[in-house]
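These come from Swiss-Prot:
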BINDING   LEU78, GLY109, LEU128, SER129, ALA130, LEU131, THR132, LEU133  S-adenosyl-L-methionine binding site
Amino acid sequence: MKVRILTVGNKMPKWVQTGFDEYHKRIQPMLTTEVVEIAAAKRAKNPSDANLAQYREQEGQAILAAHAVAGREQLWVLDVKGKMLSTENLADKLSDGMQQGDDIALVIGGADGVSPEVLAKADVKWSLSALTLPHPLVRVVLMEQLYRAMSINHNHPYHRGN
């Protein structure tokens, strides 16, 4: 099983890269992961609602193109309106995917959200939190949760939950 993280934006602060790299390194023996950075649409200084829709559309087309390159993989989209999963639920979903041989493309949208086209094609809409999180932080939280879920599946002592 492989998880590709399709993420809009590519200039992350050093602290984000450091945190992400730490969990990326730890997870490698348990799960193959790859990051595909998608350029954010160029934004106007004071964008209108129409501009925001155009940005989402442009980024959405790039996300779907990156997803199409891999062939068959489940499309999971991070969305505030998605279903919340406990870490244990995530571990179960990843375990099921591994048994079925499914690869996953996990989408972190742009600053203005994800296009309706991407949401319509999503196999899973997942909310990390009811809170609005900054996109750089989402990268770190996502990788840590993937690592935590895989540590559960591999009986690693990292997770000390129920």
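Glycine is treated like the rest: Cβ placed from N, Cα and C.
Distribution of Swiss-Prot features across the structure.
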| residue | record | DSSP class |
| --- | --- | --- |
| LEU78 | S-adenosyl-L-methionine binding site | strand |
| GLY109 | S-adenosyl-L-methionine binding site | coil |
| LEU128 | S-adenosyl-L-methionine binding site | coil |
| LEU133 | S-adenosyl-L-methionine binding site | coil |
Neighbourhood of LEU128 (S-adenosyl-L-methionine binding site) by C-beta distance under 8 A, where only residues 6 or more apart in the same chain count: LEU78, MET84, VAL138, VAL141, LEU142, GLN145
Those binding-site residues listed as SER129, THR132, and which of them has the most Cβ atoms within 10 Å of its own Cβ: SER129
Least Cβ-crowded entry, counting other Cβ within 10 Å, from the binding-site residues listed as LEU78, LEU131: LEU131
